[in-house]
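*Asks:* Residues or ranges marked as substrate binding site by Swiss-Prot on the basis of sequence analysis: Asn9, Trp10, Lys11, Gly173, Ser212, Gly233, Gly234. The annotation active site, electrophile is assigned in Swiss-Prot to His95. Among the features that Swiss-Prot reports, active site, proton acceptor is placed at Glu167.
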Amino acid sequence: MRRPMVAGNWKMHGTRASVVELTQGLGNMSLPSGVEVAVFPPSLFVTQVIDGLEGKGINVGAQNSAVQPEQGALTGEVAPSQLAEVGCKYVLVGHSERRQIIGESDEVLNQKFAAAQKSGLTPVLCIGETLAEREAGETLKVVGRQLSSVIDAFGIKAFANAVIAYEPVWAIGTGLTASPQQAQDVHAAIRKQLAAMDAEVAANVQLLYGGSVKAANAAELFGMPDIDGGLIGGASLNADEFGAICRAAGN
């Protein structure tokens, strides 16, 4: 049975003081049993958060890592092996802000996906369509292509050690969110695409929904059969709100 997961993407938010406060708040949360909880702070604060959450049952991930697994001459980047050494468990790959603003291609993201796995990290592959693509009826085509890029490069078994997060680009940071049924329809299509190649991988991979998830709508979203939790943005910056979302996943 798939374990529910709630992941908090802090994006480029936080100061030393606010990260201490948020980490302490998270550490004091009463977490539901059986829910995997992880947070993704800016890389500058990763070790601080790992130390602050030691023994609290919350994993830490990175928002980005380099295309090569090992350290080397790549100015400004962080190797996934370095992240693994300091205690990270996960790394985000392919978030829409990196696809669209930074311009990361499928080829680059595939390199990052493979480097993360080689270093012992679990990649969280982010996929999703823009508003124009949804209005054109191309949601499943776009999401399917983004999935196929990884499958074509590494095979379906690559998703035996990965998490998939469906984040419609039009719902990220906008206050808009897909309806539970809209989200479920896409999640079901993702699982069906995987199942056509490997039923066991499809049945076991965690599929998260992201896009303006809040405590108020989390329970309804997480109640859908193919939605295994959420990748949370703004709401993860408030320990009480994030805790409420985690409890919704536990129910």
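Using N, Cα and C of the backbone, Cβ positions are placed for all residues, glycine too.
Owing to the predicted nature of the structure, the values given are computational and were not obtained by experimental measurement.
What's the neighbourhood like for each of these?
*Replies:* Packing around Trp10 (substrate binding site) is summarised by its Cβ count: 21 other Cβ atoms lie within 10 angstroms of its Cβ, all protein chains included.
A C-beta separation below 8 Å, combined with a sequence spacing of at least six in one chain, links His95 (active site, electrophile) to Asn9, Gln63, Cys126, Glu167.
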*Asks:* Can you tell which of Asn9, Gly173, Ser212 has the most other C-beta atoms within 10 Å, given these are the binding-site residues?
*Replies:* Asn9
*Asks:* Near the Cβ of Lys11 (substrate binding site), how many other Cβ atoms are there if near means within 10 Å?
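*Replies:* Other Cβ atoms found within 10 Å: 18.
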